[in-house]
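Chemist: This is the structure I have questions about; it appears just below.
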Amino acid sequence: MARSLPGFLAQIVAVALICCSFAAAASIFQPISDSHRSAALEIFDRSFGSLEETYEALRTFDVLGLERKPDVGTTACQSVSQTLASSSSNLKDIFYALKVNGVLKCELDAESVEGTVSTFQTAVGSASSLLEFYHSIGGLVLVKDQALKGDLFLADAEGAFRSIKALSQSDGRWRYSSSNPESSTHAAGLALEALAGVISLSSSEIDQSLIGTTKNDILKLFEQAEKYDDGTVYFDEEEIDAHESQGPLTSTWSVVRGITSFAAVTSGNLNLPGEKVLGLAKFFLGVGIPGGAKDFFNQVDSLACLESNRQVLSWNDSLCLIAIPLILSLPATVNSLTRKDALKVKVSTVLGSDAPPLMVKLVRAKDTPAIESQELKFDSENKVHVLETLKKSVDVGKYIFVFEIVFHDPEHKKVYAVESKAEVPIFLTGAVKVGNAEIAVLDSDLGSTETQKNLDFAGENLVSLSANHLQKLRLRFQLTTPLGHPFKPHQAILKLTHGSKVDHIFVVGSTGKQFEIILDFLGLVEKFYYLSGKYEIQLTVGDAVMENSFFKVIGHLDLDLPEAPEKAPRPPVQPVDAYSRFGPKAEIAHIFRAPEKRPPQELSLTFLGLTVLPLLGFIIGLLRLGVNLKNFPSAAAPALFAALFHLGIGAVLLLYVLFWLKLDLFTTLKILGFLGVFLLFVGHRTLSHLASTTSKVKSA
Amino acid sequence: MGRSSTVKETQALFQSLRSAYAATPNNLKIIDVYVGFAVLTAVIQVVYMAVVGSFPFNSFLSGVLSCIGTAVLAVCLRIQVNKDNKEFKDVAPERAFADFILCNLVLHLVIMNFMG
């Protein structure tokens with residue numbers, strides 16, 4: 001545990017606690033900000049594989065107002081020209097190539113444009129699946145919007161409209177093709193965008209009944225939308241493992257694109273309630289900063305569609321709009337009374353642009369009658385609404401403020417979608433005074449005080465007390481808010497730590513203003529494991545709105561407890577210092593056997609010489625006896641055998657010397673086997689020859 | 001008087017021994033010299049051990065036993081080769097010699113292994 005946290009750090013911890021403990025009904029959404037922009041620069045900072053990814057990156061940068069790298073533009077334009085010129089590109093690639101061109105405005109030659117237009121026209125005529133319609137019609141719309149070719153119309157617009165409509169289902173979803181029974185909301189979005197494209201490309205007006213049924217489909221689709229308690233609205237697929245499903249973000253993006261493009265080309269009311277549009281905006285903003293490129297693109301593109309779905313019609317005055325959502329956000333939900341922070345509220349569009357002139361009103365605070373309704377002043381420099389004077393009777397604590405937005409121009413109410421009553425949790429923090437603190441040791445029977453000391457939590461002095469098991473320890477203090485009301489913190493905890501690191505934790509209870517805890521050691525003897533000795537006393541008082549939460553060692557207590565009986569529970573084993581258990585052990589000094597004393601080398605060599613002497617004596621003795629080699633056979637064959645016999649014996653003796661020097665027993669035995677057999681054979685021949693010679697001499 | 005007779009008698013004893021010994025065939029004398037050589041080598045090794053201590057005891061044993069062993073085998077050869085020995089009349093001396101060689105080779109293999 002850290003030693004005394006400064007108040008400011010405690011406040012940051014409090015904010016973190018607040019962010020984790022939100023009730024679903026009251027939540028904050030922040031519009032797109034600079035942190036989004038820097039995250040986008042990081043996420044999209046790589047080379048792109050396909051034209052689709054390139055388009056996503058370029059569109060995101062465009063919406064966020066970021067500079068793109070120059071080489072990205074040139075390589076992308078090259079890729080676009082190649083794709084349009086090649087005849088083997090499929091519809092999807094050409095479609096995305098044109099989308100990229102829409103952002104980059106590359107130079108394209110007219111021939112390839114003509115080629116793509118004709119590809120698309122034939123594709124529309126022969127399309128059977130939703131994706132084919134989407135890519136081909138979308139491509140033609142892009143060609144028209146980028147003014148690459150004038151006077152572009154669909155040959156059979158109404159037929160195309162009906163074919164796409166045929167794939168719709170009764171619950172508002174769409175199927176991908178007539179052969180595939182799976183339906184999805186993602187497909188619904190694509191279909192609506194394709195239908196909008198058909199309407200914009202038709203030379204004559206489409207039958208109004210068809211458009212009317214499509215509008216009904218949109219409303220039915222919104223009935224399928226998922227909702228959260230805080231008003232967030234989003235679309236998800238029914239079957240998770242459907243073939244094209246990529247998550248709620250992609251499905252909702254597709255629907256938003258679909259309805260905004262549809263609304264842009266039709267007249268009359270779409271009858272989409274403003275709360276639903278606001279709910280969609282909340283969903284995208286609630287994602288925060290996405291981690292992946294595709295999620296980022298989906299979020300940013302949808303928010304851009306929601307913000308800028310104005311349409312310019314040249315022949316029709318009545319604009320059918322989907323309401324533009326406005327977000328009420330607070331840069332800081334934690335305000336400090338000690339610093340006299342003013343509450344700031346910001347109202348902006350989802351992309352962070354300015355809202356039309358309006359006024360923000362604090363209607364009330366939930367469950368707190370003390371806060372009355374008041375208007376917030378608009379600071380035009382910082383574009384925030386400021387609540388300057390929080391009445392003096394507002395104390396520290398957690399509140400839920402209810403804000404209302406009132407437009408200066410009542411017409412704007414139809415154009416913009418805002419929350420009717422925005423509920424925002426606010427934390428007002430302040431310094432809590434700790435007073436009348438005292439610690440005492442009481443005698444149990446009479447309640448008389450043996451020692452009593454006053455505590456000063458601001459100072460550093462530690463008290464020193466002593467007690468035995470028949471006495472009690474009493475700690476008292478009072479907590480008051482800046483306005484003088486009694487304050488009940490989240491944590492008021494007393495901890496007693498023994499020298500052997502065994503600790504005991506108690507909660508300090510309160511009655512009204514006073515916090516008091518009485519530790520009766522008679523009952524706690526067993527809990528303390530009969531450990532007598534010096535205990536350190538620590539007090540922790542903390543709360544989210546308390547700026548000066550503290551954790552303090554008050555002093556020491558010398559506790560005298562009776563001896564532990566045999567059956568008493570042992571104190572729990574304290575965790576061993578990891579380094580002492582897993583660290584290096586003491587060095588072991590090995591004791592080796594002292595080597596034997598060897599004789600000096602000269603002595604050994606002398607005796608080696610002495611050993612040779614008898615051999616010399618033997619040879620001399622043999623010579624004196626008149627040893628001769630007369631019996632050595634003279635004939636060739638026996639002589640050879642005799643010679644081999646002697647050589648064989650010599651070889652065996654040499655083998656023995658080698659055995660002693662470096663061979664091992666098995667090798668020796670192997671070789672000895674061969675030599676022995678050889679020797680036996682040769683020796684037998686020699687000796688039998690000798691024997692026969694001798695017997696001849698004898699008999700002769 | 002008694003002492004000189006004892007000395008004279010011992011001298012006479014030695015003389016008769018020498019002359020009797022001179023009559024032994026030459027090959028037996030060769031074997032005798034060989035035995036003497038082997039035993040002398042063993043004695044020198046024992047003296048060495050007495051001087052320096054028996055530290056690599058196995059080496060000492062193998063050295064001494066090789067000498068003694070080969071001496072014993074030579075004595076056996078002498079017994080078998082001696083023509084005066086009636087028991088071994090039908091054993092050809094060459095056969096005895098071959099046994100001597102073979103047993104010596106086996107002995108020395110074991111000695112070499114034990115010496116370390």
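From the backbone N, Cα and C atoms, a Cβ is placed for every residue, glycine too.
Quick caveat, the model's predicted, so the values are computed rather than measured.
Feature annotation from TrEMBL assigns domain 'Ribophorin II N-terminal' to A:32-307. The domain 'Ribophorin II second' annotation in TrEMBL covers A:326-427. Marked as domain 'Ribophorin II third' by TrEMBL: A:436-559. Residues annotated as domain 'Ribophorin II C-terminal' in TrEMBL: A:592-692. The signal peptide feature in TrEMBL is assigned to A:1-25. The transmembrane segment annotation in TrEMBL covers A:603-623, A:635-659, A:665-682.
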Chemist: On average, what pLDDT score does this prediction assign to the domain 'Ribophorin II C-terminal' (A:592-692)?
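Modeler: Mean pLDDT for the domain 'Ribophorin II C-terminal' (A:592-692): 87.
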Chemist: When secondary structure is assigned with DSSP, how many helix, strand and coil residues does the domain 'Ribophorin II third' (A:436-559) contain?
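Modeler: Secondary-structure composition of the domain 'Ribophorin II third' (A:436-559): 4 helix, 75 strand, 45 coil.
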Chemist: Can you count helix, strand and coil residues in the domain 'Ribophorin II second' (A:326-427) using DSSP?
Modeler: 4 helix, 52 strand, 46 coil
Chemist: Count the residues of the domain 'Ribophorin II C-terminal' (A:592-692) that DSSP assigns to helix (H, G, I), to strand (E, B) and to coil, and report the three numbers in that order.
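Modeler: For that range the per-state counts are 79 helix, 0 strand, 22 coil.
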